[in-house]
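This is the feature table in TrEMBL:
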type	residues	note
ACT_SITE	K142	active site, proton donor
BINDING	K106, K130, S385	substrate binding site
BINDING	T225, N257	NAD(+) binding site
SITE	D182	site 'Important for catalysis'
Amino acid sequence: MAYPLLLCGRKAGAALGGILASNVGAVCEASARLQQLRHASSHSENTNKFLREALDRLDYPEKLQNLLLTPRREMSVELVVQMDDGQIEVFNAYRVQHNNARGPYKGGLRYHPQVDLDDVRSLASLMTWKTAVMDIPYGGAKGGVTVDPRKLSERELEKMTRKLVVAIKEIIGTYEDIPAPDMNTDAKVMAWFFDEYSKYKGFSPGVVTGKPVYLHGSLGREAATGRGTTFAIRELLKALHMGKLAEQKYVIQGFGNVGAWAAQLLWEAGGKVVAVSDVAGAVQNENGLDIGELRRHVAGGRPLSEFPGGGAIRKEDILTHPCDVLIPAAIGGVIGAEQAAQLQCKVVVEAANGPTTPEGDAVLRERGITVLPDIYTNGGGVTVSFFEWVQNLQNFKWEEEDVNRKLDRKMTDAFAALWAVHREMAVPLRTAAFVVALQRVTRAEVHRGFD
């Protein structure tokens, strides 16, 4: 009975002493329906399509291309957790280590019901190129657990996290592979991770980043990805001669950590955030939403769509809402060909990982809509994670002003590098970003040798 339950990775029975066969079919059927909801295209294949476009411009031999595209290690584990009510749940978990030519593997850990190996494989690859574009000494990795964390108590979430640490502890480490927060994981989860790992390997604050500030975390880390996105938009507007941040209208899909901080910082800079959405709904105000009030509204546990400072709209319409700058800051694969044909914006700034499919990207190019790619736009998070790691190694905490200033410099320099390739090779910004990343990773691979 246990074997099919492990395969579908869902409910494992009513109690430790007995497993109900009737649960198996229903659970696996639910898992199958979940998979049908995913996009027909493969996330990892989408990433590789973008990569191959850059590789074609670089004219790399096929063997070198395969080396750069193939992950070094993929690990799948099952986490068996006894829930608060005595039932047993089995959760599928993954860690993919893509490339470490430039430094230790680095990548977030997400908890989401749609996580699968293909998704994690794609995101691990993106981390390799993201760290290279940002020119920080890391490789790329990613991890995830197939779970809806909203259905778990805090105690159940902690038990699951600690089970994950035990399962993967031999392939992670301060100089080996350094996880970080991602979708539905936060500083609290990273604190559990650090604590559990230290039980086996000794005091190791550098094994994860994104920890609480009072527990060896870094000032500025919480806002880093949103702040980096704001710096990225500023640089793009300058390059396109579109004016200042305060002169634009913004639409943001996703009001989690990244979307909320990007909205806050753009609003503080004088920009008009005219519409935002979350998983449950959306709200708009053509005169600009008061983001400070909106964040307090949401923090109070009230639905975003019921914010009194704006009018509710369908969350499905958020991408096509008129604006100057569209910021997808939620999940991947949301801008396909159909959606791309309906966008009413001048630029798309990818704060989420992989929000645009290759088909959608082709339509946006035809329409002349500039896309600022994810591997650069959301690089602020991993950059400040690197700053946190350095502080852990130094056992010395930096001031928040230092962190933000260094992040600004990194985002500015990275944009200058990809913009130069964009102009020199006459390629889209996405291709330019991958060219910059591929050149840096290839240089490291060649100089380290292959024996």
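Cβ coordinates come from backbone N, Cα and C, glycine included.
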Can you list the residues of the same chain, besides K106, K130, S385, whose Cβ falls within 8 Å of the substrate site's Cβ centroid?
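After dropping the recorded site residues, what remains is G107, G108, M127, T131, M134, I136, Y138, G140, A180, G379, G381, V382, T383, F386.
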Checking the contact step here: among the recorded positions D182, T225, N257, which have a Cα within 10 Å of the Cα of K106 (substrate binding site)?
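So the list reads none.
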Could you measure between K130 (substrate binding site) and K142 (active site, proton donor) for me? Cα positions, answer in whole angstrom.
12
Using the structure shown, find which entry in T225, N257, S385 (the binding-site residues) has the sparsest Cβ neighbourhood within 10 Å.
N257
Using C-alpha atoms only, work out the spacing between K142 (active site, proton donor) and D182 (site 'Important for catalysis') and round it to an integer in Å.
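Rounded to a whole number, the Cα-Cα distance is 9 Å.
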Could you state, as a whole number of Å, the largest distance between Cα atoms of any two of K106, K130, S385, the listed substrate binders?
13
Taking just the CA atoms, what is the gap between D182 (site 'Important for catalysis') and N257 (NAD(+) binding site) in Å?
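Distance between the two Cα atoms comes out at 10 Å.
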Specify the count of other C-beta atoms within 10 Å of the C-beta of K106 (substrate binding site).
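Result for K106 (substrate binding site): 29 neighbouring Cβ atoms inside 10 Å.
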Using all protein chains in view, find how many other C-beta atoms are within 10 Å of the C-beta of K130 (substrate binding site).
29
Between the Cα atoms of N257 (NAD(+) binding site) and S385 (substrate binding site), find the distance and write it as a whole number of Å.
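So the alpha carbons of N257 (NAD(+) binding site) and S385 (substrate binding site) sit roughly 15 Å from each other.
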